[in-house]
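Below is one structure, written out as structure tokens; the observations come after it.
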Amino acid sequence: MLPKEDKVNSNHFKGVNDAHKTSLYKRLSSSVIPPLTFLNQNPASPNNEEVPGNNEANKDEKTFSDDEDIAHPIGSVGSSNNFLSFLYAGMGKLSDLKGNDASNANEAKDSKLNDNLRSSRNEQANEPEYRREYKLDYDIDESEEDDIESTRDENTLKPKTEDTSVHSKLDPEERLENVVNMLFDDHDESTTALASDPSKGTVFQQSVLKNFDPFRIQQTELLKLKDITLSTEEDESEEQKLKKKFFRLKVADKLKRVFELNDDDYFYGNYNVWLVRDVLLQGHIYLTKESILFFTFLPKRHNTISASKGTTGGFQHHDDSHDVIQSGSLGMKTALYGDTVFSTPLTHRFWVILRNETITVYHSPTDLYFPITLIDLKSCVRAEVIEKGRNDNASPRPDLHRNDSQEVSSGDEEVEFSNMLNSNYQLEDNSENVSGGYWFKVVTKKKTHKFHSDSLYSARQWVNNIVKVVFQLHNSNANNEVIMKIPINDVLSFDLNEVFGASEKNSDSNGGEEKPKVLNVKYLENGSKGRYALSASRMKKELKNKTKKKMKKNSGNEPDELLSENTYFLLFKDGDEVFSTLNEIVNENHHSSNIFRNRHNSISKKYTSEKGSNWNRPFTHKDEEIHIPRAISTLTTDHFQNSIIDQIEEASHRNTHTQNTDLASPRSECGLTHSVSTSPQSKIRKFGKTLITPSKIFSNKSRTESEKSTPDRSQTTSPVQGINLSLSGLKDLNMAFEASQKNYEVSCTRYSHTEENSTNSPSNFQNNTLSKADALSPQIKSPQPLEAGPLNLTDPSEYEDNKKKNSTLSSIGKSIKAMSSIRSKLAAVNHYEQLDENDTYFIRDVSAREVDTRHFQERFSFNNKKQLIASYHCHIIRAVPVFGKVYLGDSEICFRSMLPGVSTRMILPLIDVDTCSKEKGSNIAYSGLVLVIRGYDELFMEFSVQSARDDCLAMILRQLEKNRESGNESSDDNKSAQHGKSGCFQKTPSSAETTKSSNEIKLAQWRIENARLKLFEDKINAAAGLHVPIVLEDSPFYKTEIRPSTSFNFTLLTIGSRGDVQPYIALGKGLLNEGHNVTIATHSDFEEWIVGHGIKFKTIAGNPVELMSLMVTHGSMSLSFLKEASSKFRGWIQELLDTSWKACQGSDILIESPSAMVGAHIAEALGIPYIRAFTMPWTRTRAYPHAFIVPDKKKGGSYNYITHLMFETVLWKGISSQVNKWRRESLGLPRTNLYRLAQYDIPFLYNISPTIFPPSVDFPDWVKVTGYWFLDEGAADDFEPSKELVEFMNKARADDKKVVYIGFGSIVVEDAKSLTKAIVEAVLNADVRCILNKGWSDRNSSPAKDNAEPEVELPEEIYNSGSIPHDWLFPKIDAAVHHGGSGTTGATMRAGIPTIIKPFFGDQFFYSSRIEDIGAGIGLKKLNARSLCTALKTATSDAKMITKAKKISERLKQENGVLNAIEAIYYELEYARSLILAKQHENTKHDLKSGTQTPVVNETNEYFDSDTYDADHDSDKESDHDQTYEQDNHSDYDVANDDNMTEIVEPSLEDGNDTVRIAPDSGNDNTTVTDANK
């Protein structure tokens, strides 16, 4: 709440009245920055805001401190028109560019028809409408987004007006007619006749009917077919044959128009290929008599997913996860801290999100409205990992580099693996030190941004994803398709090479399997002026730049080499057929080739004879007098296009078996030659050797300057050394492509319902000509005609070295000049959308509106679909008031600072704004406006003029109402797809809804597919040292994905209670659905439960009841806990080690709860990847304390970090001697210590919601917060409540009383009856109804004692229900009181009810603190009648807390914890494997397999490992007598031995009033602290 007017200091009025008498500086400062004295009065300040849960229940110190704690524990304290748009993207003739009335009329007619068809389909489907991606004059068919399995029915083929029942009764003739109607809505009689008699068609149509096969696919060693039946013509019915004919005719018509093919052209065939550029792109190649055609459907953006339609006025919070490609913590040097000016070894961590068009940098993952940096990827040139050899100032790890030689020596391997270990272990606080890790850079037109990643795997992942996004933005048209046409007359030469040879050891393994081939087509770049050809000025500039570069590399090149380009196509199948067909085409076109060669030679002569700029002029009309096909391409031609080829060029050279055809050879009559040679032209084939001779893990080859100058790709000969290799290298990766066939009818819909003449309009022609990056970029209409190039981008070389146009001084001068006129602008209100004729704020100058809109789009990295509504000048209240400009867009409220040196920016989606209202300003001179944001603090703005504030309020409310009315029917462009937690308005789902929508499941599955693809890329890189970003096609015929060729054997190892095992069952079921084998190894008590879910079971030692009793008794980490654990569980630990080792035999991947303590050692012995997963903080961080050492009051980041070090040290001291003995005797491994275990580097999965446990920015890349792993056992559906319970709840509702749940599980307390009495009294005083689950008991309880003392009688306001399924009960009540376990806390949050937590032990203290911090509940430090009564009243009546709990529930229901965990497993699998390989290499290097010796390692006390700790370890002292471990006497805390136990001494602790649960003795509430100086 803002301060009242009467609280404003009178000095403020005086300051305002005397403003005109002050100097210019005072007038300026008073207008820019309001007086700051209000900061101490404004309760809305973050420092003064009342913390949720910090209510009377906790503020009354006497209530909780003076009274007895009754509960004191014992001893404790798709789109249908995508391909169609591609087909007719270029069908209009150049003469039609100006447009005409007929074409515009046809466009309007077809647009209306398409709208009717689309609305008809939406009404038929009766399903939620998918969001549409940004599109330019094309539409998306919702049916494509449906699950593949759901589309395998005949309903897709039914006419628009028929339902399923009617369609199923149609006779064959009617069904044929429906097929015709579906494919040809205009009932083209000529096409129907042509389908019946193909001889009536043109040559091209007849050839397509004969040779086009849309489902052409064959199984290979690297491509597996799933559920695909390849039928022959004999097996097809007449209906199927007719459908194929109509479909092929439709394709022929579109191919002819989009590629400008002649009727006399002949279609030879279509083939599946991979285009090799900076990505490996899956696609198709068409061969005709006159051209080589390539096209592909790029993957659709996944922000097409939306929630279901809701009722008017409601809403549903839906974040922008559909638009997020990757997110995580990265280091970055920013000007904010002087990092870009001063070279330091430090960096600062930020939260970075990669989206479809931007990279956005935030301070933390919880503050996504105020970005620090926005990088527009539409202006991005390239992204790459920085190698130390290329940039010595980047400070990457010096130890991770590739040797100059290709062969790997054992000595180099030893140094590399050893250094990799040591570098990883040097990090103590990862938030600042960047001596390890890797840098990568993102180069844009204006600036180069550098980011620091913790591992090379993470850096590669970021770079690969950025490269894929940039490729799609720069190399596709607005319809998300890649198109290329190479006229045969422009082809200079082509050759076919084998990618892999036949190695000696595998020469017979493949039998008759066809080997992959690469087709290299060399053609004259921009040789023909086509639809996508460059303009004269751009062609001249690009040819000049590229020729200069090539001349520097190879001064002896011929002119045709300088003007040529190479395109590489990888064919896993049909390589020989493609080559022979291309030979046949060339032979048939030899006459055209001669004509072309004459023209080409004339160009060469001009180049060699002329000086100046005329030599590279574009072709003139005189050149066009000869009829030749026109070149078409959406691909860029920059010099970074073939980075994969460049990588392969760096590999060692060898001879290859090459088929080569050089069209420019003078040895034949028509300039053609067909030969079989040993040319090394195939750079792709060099990929083979790297697979058979892998480079070192993480290696990056250091090259000398001479090596860096790679040979020109146009050269055809060079001396090489050959090594033959079969496919076994790729097979050993155990990954393969899997293709599943889509429904034929769904494929047909991609070619139907067309807008025949839509591309004839000038606007559509321009949009289809531009790349997606330019099509989505902010633009202003210009009277000059735009160049016809596909990108309209400057050549990268022209802006790479550009310096800033304005110096720092000039920019400051401009800022001061702007500020001098700021008072005249304070009252400026601008409307860019006219409200009515009397709108005085509306800017009527069209050009001015366009300029302002473009600036708005550019400053916030929006695309050109975002519209500006209004703008204002105001102050936004943050830590200090910041003056700037507010922009109201159609879907966002944005702000940018106008103060020099202040870079505050805000992008707030309107979808997250509940409402806004007027408030009084900080003083009389200002008028306030407050924005109420869901799940966020209120945002305050202050205006110097009241009329501006009132207009801003009215416009925001108007836009909110407009968005609510539009609801889900608004296009995706009106939703916030770029920033923040955006979504769509609809009715809030009730808290009882716990199921996830199918769209969210699809999104999670899509992310898993990308994770598998990333795993495959990692495997290729580890095996070959090549960075190969792979882009899979979104084909209408097949769905291609990467899958492991064999099932992995997962072992999930955990100990503890039922709550510890349940998440692993949920994860195991998810892995089973992925096709893997899963075994859970845990206590025998849970065997029946686990096997019942279809998961294999293996038993390990331990009694969960005893473990729980120990934890409850001691509450948290303490000296008494360590003593009792050592005395009682030493024998159990040995059994745990032995049984766990036995249970993990045969595993491929081990996932372990770190409480089991054995996973790292077993994985090292088995040589398998190892991943940790847990429900509480276990990673070193400054954000959260260790779950077992939670202080009563927050002590800051340094304390939090040291708690993790303390716990790691204490736990290792307790088990180190037994573990080391077990390693030597059972595992055959050497002794280890905490330093070499490097637990910090192990991949970690937190099965906690990121809403409750937001990932910290100092988490390393391999730590993932996935969300809760909920196990849906159907208990809510199967549970039958008793009649008494139903009546009790109905009566409470009838009496208008709140219903709460109270249950603490089976805890043991000092006095159970007193606890029951306190609960009864609290419930009665709070006037609520209680469902009680009484499971607690006395420490000294016995049957005789229980009979002697009567049980507490429960009043009618309390119903003792016993155990009830949480997922059934919690959605039906108003609040819950429990002990704070991870599972119970997640259940209450998912149900959306406020939670009261009374922690007893372990992580319960952490969750109590977190629930209170996020404002969704209350944490009770002491439980008694008074405190519980106050908490119950607050939880059932605090509207803010209730609303917060509901909002958290909405977010939790959108999470897919299990699927997110599977995605993370795939992402981190190769990194986890590399850690184990490094450890094994270290053991091998020191010959430590027998465990007889251990290398000397200097380590500090926190890692010190002493064998004297174990009295039973005398036999080991002799073998280790010669080994010495140095101790550092300057540690932060000391370790003292007392009865073989460890006491932690922390000198930084203050007085005993600050209770710290770290070493209290049983029954003592005060912390025992030893003076560190003694």
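In case you wondered, yes, glycine gets a Cβ from its N, Cα and C as well.
Within N1021, N1325, N1333, the residue that Swiss-Prot lists together with S1057, R1058, D1060, I1364, H1366, H1379, S1382, G1383, T1384, D1403, Q1404 for binding UDP-alpha-D-glucose is N1333. Residues 37-61 are the range that Swiss-Prot records as region 'Disordered', among 37-61, 737-761.
Ranking the binding-site residues S1057, D1060, H1379 by other CB atoms within 10 A of the CB puts S1057 at the bottom. Within 10 Å of the C-beta of I1364 (UDP-alpha-D-glucose binding site) we count 18 further C-beta atoms, all protein chains included. Within the same chain, residues at least 6 positions away in sequence whose Cβ sits under 8 Å from that of G1383 (UDP-alpha-D-glucose binding site) are G1059, Q1062, P1063, T1175. If you take the C-beta of D1403 (UDP-alpha-D-glucose binding site) and look for same-chain residues 6 or more apart in sequence within under 8 angstroms, you find T1175, M1176, P1177, A1187, F1188, G1380, G1381, S1382.
Across the domain 'PH' (323-471), the prediction's mean pLDDT works out to 71. According to DSSP, the domain 'GRAM 1' (253-288) comprises 6 helix, 19 strand, 11 coil. Taken residue by residue with DSSP, I1364 (UDP-alpha-D-glucose binding site) is part of neither helix nor strand, so it is coil.
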